[in-house]
Amino acid sequence: MTAARLTIDLDAIAANWQALSRLSETETGATVKADAYGLGIGPVAQRLAEAGARTFFVALAEEGATLRKALGTGPRIFVFSGHMAGDTQSLRNLNLIPLINSAEQMVRHAEALAGHPFGVQLDSGMNRLGMEPAEWAAVRPMVLQAGPQLIMSHLACADDRLHVMNAEQLETFTRMTSGIDAPRSLAATGGILLGRDYHFDITRPGIGLYGGAPYDDAYPVATLSLPIIQVRDVEPGEAVGYSGTWVATRPSRIATVAAGYADGLLRSLSGKATLWAGDTPCPVVGRVSMDLITCDVTGLAVEPDALDILGAHQTVDALAEVAGTIGYEILTSLGGRYRRRYVGHGA
Ligand SMILES: *Cc1c(COP(=O)(O)O)cnc(C)c1O
């Protein structure tokens, strides 16, 4: 055993998609940007297509190119960044649908790819991507004339059901799209959970598919198991790791496992995270280093070959909370050194 092992349960991803699909009561797409949130766009998207997903969303045309190879010609692929300079060829050759974010992008699209399908992204209050009301009002007749495949916007605070911005953005989006026949989309995972008013014609869940909050009923998807390289005894008064931040107060057994912050196990987990030997928690002691984590296994009757950092006892959100971040960042930070294993039907 050398590298740490990341196990990805494709059936759990499919089951999460199906459950969100039942909640959506409308077409349910799948957001697979950033390599399917770090879990592998090819196997993940193929399993989702098998489960019934017909519409996929990525951030960049380059991701769309990888996705098109994995999925073949059938499914629709929308690109959130729209039609950027340099995208024209991939958009055309791979039949990707840009979500136009500005009048400038609309002009670029009309000049370079007249007749090629496109969608529109509106800014309903997040101030990140998309056309704001005044810009939209100016180009709206020209855009509608060209027949967009989708008109969408994104919610800034949907992870908080009670946030006032949810209803404000819903109202703005509804106003900006009133009287339009084109299909509309507002909800990602959080928006699906806000209820029917937010669903429109198609939803775009990402994190919920991969087992993350705010979809609390998600099946866990990722298990991450870190092999133990070495175990040593340390005496009271001895320090462990960089800067000697942890000092033994009793005779202790310290296990060193093969993963660190270069693998996305953030340094902010130092001295705070827990690894699991089966059902037994083992505290991380000292600093997380680039390739190694040290852990107190004093209590264990039997020393295992590996300790788990993600799994049944510790979800991505639980780990994220300890690190002071969100599940999205934990997943997308998981590095390239893991041995990845896909399990479940379609693996
Ligand atoms: C990332 C993203 C999504 C998916 O969001 P989740 O919170 O992961 O469900 C949907 N739409 C847009 C525009 C996004 O950027």
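Cβ atoms are placed via backbone N, Cα and C, with glycine included.
Automatic prediction, not curation, is the source of TrEMBL annotations.
Counting only residues at least six positions away in the same chain, the Cβ atoms of F57, V58, A59, L60, E63, F80, G206 sit under 8 Å from the Cβ of K33 (active site, proton acceptor). Annotated active site, proton acceptor per TrEMBL: K33 (among others), in sequence order.
Per TrEMBL, the feature N6-(pyridoxal phosphate)lysine maps to K33.
Sequence-distant neighbours of M290 (substrate binding site) (same chain, six or more apart, CB under 8 Å from its CB) are G260, Y261, A262, listed in sequence order. The annotation substrate binding site is assigned in TrEMBL to R128, M290.
Annotation source TrEMBL lists domain 'Alanine racemase C-terminal' at 221-343. Counting residue by residue with DSSP, the domain 'Alanine racemase C-terminal' (221-343) contains 24 helix, 48 strand, 51 coil.
Counting every protein chain shown, the number of other Cβ atoms lying within 10 Å of the Cβ of Y242 (active site, proton acceptor) is 15. Annotated active site, proton acceptor per TrEMBL: Y242 (among others), in sequence order.
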In three-state terms from DSSP, label R128 (substrate binding site) for me.
coil
What are the sequence-distant neighbours of R128 (substrate binding site), meaning same chain, six or more residues apart, C-beta distance under 8 angstroms?
H154, A156
